[in-house]
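All remarks here apply to the structure that follows.
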Amino acid sequence: MEFHNGGHVSGIGGFLVSLTSRMKPHTLAVTPALIFAITVATIGSFQFGYNTGVINAPETIIKEFINKTLTDKANAPPSEVLLTNLWSLSVAIFSVGGMIGSFSVGLFVNRFGRRNSMLIVNLLAATGGCLMGLCKIAESVEMLILGRLVIGLFCGLCTGFVPMYIGEISPTALRGAFGTLNQLGIVIGILVAQIFGLELILGSEELWPVLLGFTILPAILQSAALPCCPESPRFLLINRKKEENATRILQRLWGTQDVSQDIQEMKDESARMSQEKQVTVLELFRVSSYRQPIIISIVLQLSQQLSGINAVFYYSTGIFKDAGVQQPIYATISAGVVNTIFTLLSLFLVERAGRRTLHMIGLGGMAFCSTLMTVSLLLKNHYNGMSFVCIGAILVFVACFEIGPGPIPWFIVAELFSQGPRPAAMAVAGCSNWTSNFLVGLLFPSAAYYLGAYVFIIFTGFLITFLAFTFFKVPETRGRTFEDITRAFEGQAHGADRSGKDGVMGMNSIEPAKETTTNV
């Protein structure tokens, strides 16, 4: 299939229509039904971003709440060590919940489907929001910690559900662009949490429980809207054998009556699945055709978290303060705005430049910026302009993250696997993401204490390593169906078994589908 773009298109809508029109000879539309379904799904991504960023701004106030509550109960103030440990637990237990939730993705999606799973787990969001929102009234530190654990479980599940659902309902030529919307939801959630966390909005001593409990509202909104969204047609046909329903949903989502080629691809995959036993987590590592894609998936997730991005956002206020910024919270919000803008840019680029290229550009830019951050922090006391260099390096660091390492690892996992192993793969990849997230949050303060400005050199080393791995090991998936990608890995695994060599270079040499002339 050779495609080549012609005509001028402006705006996000025009860009998406341009991509869609290149899928097949007949014209497809970006339908309201497709946009609505993806938008509703990304509310789960928003929840993940919001609850990741919401705990940072009210840190001092929440510590005071913990101190006062424990003092009133014990008639004596807690030790500084206990206070610090309880605060750290309140932050870190969110990631523990995320690890458990992400590893449980397959238990839900195979039993209830993609859409219904998103609907059911909103009960966790409501429960976690209530626990956190009422902890001050109840004078209970335990409710705060338990609420963070429950909302972490919810967010961990969402990190598997949302990319999987979006990938399965999106046309092949739009899969990357729409997959990026998952990351856009996350960064908007982080930005909203930063803004709401300002003392003049919800970050005050009186309103911080409302700030934490706000997560109930998106859960209610998504629960009301999800029944209007279709189930994944791939799930209906491949897992439930409901071909007629799947065909009807594809026609409505993609705006065309001719979906026979896509239905046939799903039927072929379904036939192959019926000859295989159910894929477990262990099978992903035992079967040669799954082993390489799961390793790629894990490393790409690690490249996101070990890039240092969460260290920047978790401790951004302190970093800006160390850099000499008088109002560091506003500088942190500026980083959140940059985060959002460049995620939108990635939406435009991912189907043109490709996943692999953008990921390498992002990693390379971040490696340079993390080195520059180290230099500027070391020299800021000697040269006045170094504070501005540090801020600039952080903003460009964030921009590079959102070009590649931010959005791509989430949706590329769904692309690398067929319907059978996909839930298990999403669980493993998501758990590796949350685990590395937890370790960065746990270890970064100590590393920063002992290493000072040199701490970001550690991330530079990781970034260079991940850049090399992406160059040598990660294939390009742009413009390829799930079936194409699966067969390529299977053929590569068989070739590697026969030759005794790693066939990954063959995958890297596979060129994505080129464009053919179409008029929009």
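A Cβ is built for glycine as well, from the same backbone N, Cα and C atoms used for every other residue.
Among the candidates Q47, Q183, the one that Swiss-Prot lists alongside Q304, Q305, N310, N339, E402, W410 as binding D-glucose is Q183. Going by Swiss-Prot topology annotations, W87 is found across the membrane from L174. Record check of N67, N245 in Swiss-Prot: the feature N-linked glycosylation site is attached to N67. Spacing of W410 (D-glucose binding site) relative to N67 (N-linked glycosylation site) is 39 Å (Cα to Cα, whole number).
Between the transmembrane segment (393-413) and the stretches 89-109, 149-169, 178-198, 359-379, Cβ pairs under 8 Å are most numerous for 359-379. Taking a C-beta cut-off of under 8 Å and a sequence gap of six or more, Q304 (D-glucose binding site) has these contacts in its own chain: P405, G406, P409, N433. Across 294-314, 359-379, 424-444, stretch 359-379 shows the highest tally of CB pairs under 8 A with the transmembrane segment (452-472). DSSP states for the topological domain 'Extracellular' (445-451), grouped as helix (H, G, I), strand (E, B) and coil, give 7 helix, 0 strand, 0 coil. If one looks beyond the transmembrane segment (208-228) by at least 6 residues along the same chain, the residues whose Cβ comes under 8 Å of a Cβ in the stretch are 36, 40, 43-44, 46-47, 50-51, 54-55, 57-58, 61-62, 65, 115, 118-119, 122, 125-126, 128-130, 132-137, 144, 147, 151, 196-197, 202. Model confidence over the topological domain 'Cytoplasmic' (350-358) stands at 88, taken as the mean pLDDT rounded to a whole number.
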